[in-house]
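What Swiss-Prot annotates here:
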BINDING   490, 496  Mg(2+) binding site
DOMAIN    557-616  domain 'KH'
DOMAIN    626-694  domain 'S1 motif'
């Protein structure tokens with residue numbers, strides 16, 4: 001990498017974009033500093049000197065949010081950054097996906113991309129800056145990379161598309177789209193949307209691609225200026241004679257019939273047996289452990305299986321389980337299968353099954369998100385778990401990984417637009433989707449199961465959501481789009497394009513591909529085929545439950561809303577929170593108070609809610625002119641007595657208002673602790689209350 005500092009500038013969505021090379025992190029294979037507005041990201045690319053064994057490309061993308069970038073000190077005892085949060089993990093995945101397909105086939109060196117956010121401007125996305133930084137770090141390095149790529153964020157407001165919308169614009173946008181690609185095609189899409197049409201989504205994707213092309217041209221100018229010398233990489237050549245011999249054996253032993261097996265586990269077992277039979281043909285009795293030969297035979301066999309699966313789909317239009325390209329697997333769904341939970345839905349599609357379980361909580365049960373932006377209170381959460389047994393495997397049980405975090409977030413994005421507002425449904429909602437069986441499209445099964453759970457719980461959702469995953473097999477001059485892909489089609493195909501939405505439109509999409517990019521024609525056709533599949537699944541789900549239940553579970557907390565004057569909030573809270581804690585301790589409820597005076601009281605028992613409400617009403621109660629009260633004498637003065645009307649409110653009973661008869665001394669008729677009926681005659685501008693007993697005698 002060049003050791004001389006160089007600075008390159010352009011404009012991006014009305015803000016300055018600067019890329020600097022040659023000054024920082026000079027021992028990395030490639031490093032750039034990206035300045036976008038006041039956002040600053042350091043992106044580095046490093047590769048190992050030797051390749052790794054295995055049949056996968058060991059690429060790792062990291063995205064680190066440094067709290068100092070937003071002028072914050074991390075929370076917790078250690079006061080330093082820990083493991084990446086969910087948002088950072090999702091950003092790392094977002095960057096990985098458009099970059100991964102652009103490395104040479106067969107390249108097995110470890111490659112690590114590091115993105116450090118050094119300064120964060122909320123209106124200048126650090127995520128998009130990191131994507132450009134990752135592309136540039138690879139492009140100016142000696143690592144072989146067929147980029148550059150770029151990514152942009154697209155919003156949709158009042159019928160107009162916007163590149164990299166500000167925080168305020170995102171609040172009113174119907175679309176939150178991240179799209180990435182190179183100059184010729186789109187190769188990554190991620191979006192959440194408020195029921196936009198397929199055509200609107202298509203236009204948004206290619207509106208974003210126009211800006212991507214400009215950014216790629218800018219990066220290419222930098223590469224042409226720096227002229228990095230790339231590592232020489234020569235892919236290993238296949239022994240064609242060996243390939244032909246193995247191919248002949250696979251045909252002889254019935255590879256086609258083995259692939260065309262309905263049951264996933266039976267197919268896997270049959271393929272393993274076929275491979276073992278063929279490998280045994282090559283084992284030399286004098287050298288039975290020739291590992292290099294055995295590895296090569298297995299590698300060729302795996303490639304031949306892939307070629308056969310793709311040939312069957314592309315030429316014969318038949319899939320491994322016998323389906324047609326646009327056919328959906330058998331569907332089954334149930335609700336209310338767990339008696340003590342607040343809502344549950346079981347969704348099964350072929351050999352993929354998800355159990356989604358919903359829990360309702362008080363508003364105070366929200367998740368607090370403390371990242372580089374302002375603190376955020378999240379009242380809807382969707383979590384996804386993928387245990388080993390779901391694919392018939394064993395292994396250690398670990399905390400959720402990148403895949404589980406990503407699938408959970410996709411489901412959350414698909415469903416959040418149908419969740420009712422706090423005013424209509426004052427609850428925190430958490431859904432956990434447990435994948436019990438998996439043969440592809442488990443994330444979309446979790447979305448369908450979650451919709452069932454929401455309706456079973458009685459959540460008044462705006463509309464049901466269903467999800468489906470689309471696949472693709474390309475040939476030189478043709479392509480085949482697949483509806484509802486299974487595991488083998490995902491692994492051996494060219495695309496995993498997930499689409500979720502209501503009957504009216506799309507609420508989320510996510511596209512991953514293994515080829516260079518997709519044309520407008522393919523994306524348009526995939527979206528339309530997904531729409532038809534989504535509606536078919538939706539119709540099945542609505543046969544199980546067609547609308548949310550009218551009542552919540554008996555085990556769900558009840559939430560009652562009441563309103564007080566904003567200036568009374570301090571009375572309910574009390575000094576240092578003393579009063580509100582007393583209410584919570586006495587009644588066992590959860591209290592959430594908004595700045596406008598709205599109070600949410602939550603508890604399982606209605607009696608607890610009623611008692612808490614009574615206490616709050618007593619605290620915030622106000623005297624009214626003309627009302628009568630049974631008052632208690634609290635203090636006596638020469639000019640009258642101060643009486644308590646109710647907790648927190650006293651009134652002056654002047655000596656002239658005690659009786660219609662003349663009184664010389666207050667003590668002649670009243671003493672502290674006496675009860676006397678009074679009528680409120682006046683409340684002055686300072687809120688002081690005057691009362692009269694005499695008015696009741698006349």
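Including glycine, each Cβ sits where the backbone N, Cα and C put it.
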Please work out the helix, strand and coil residue numbers for the domain 'S1 motif' (626-694) from the DSSP assignment. 7 helix, 36 strand, 26 coil
Compile a sequence-ordered list of residues in the same chain as residue 496 (Mg(2+) binding site), six or more apart from it, whose Cβ lies below 8 A from its Cβ; state 'none' when nothing qualifies. 469, 470, 471, 485, 490, 511, 512, 513
Count the residues of the domain 'KH' (557-616) that DSSP assigns to helix (H, G, I), to strand (E, B) and to coil, and report the three numbers in that order. 32 helix, 16 strand, 12 coil
Within 10 Å of the Cβ of residue 490 (Mg(2+) binding site), how many other Cβ atoms can you find? Include all protein chains, please. 18
Averaged over the whole of the domain 'S1 motif' (626-694), what is the pLDDT? 89
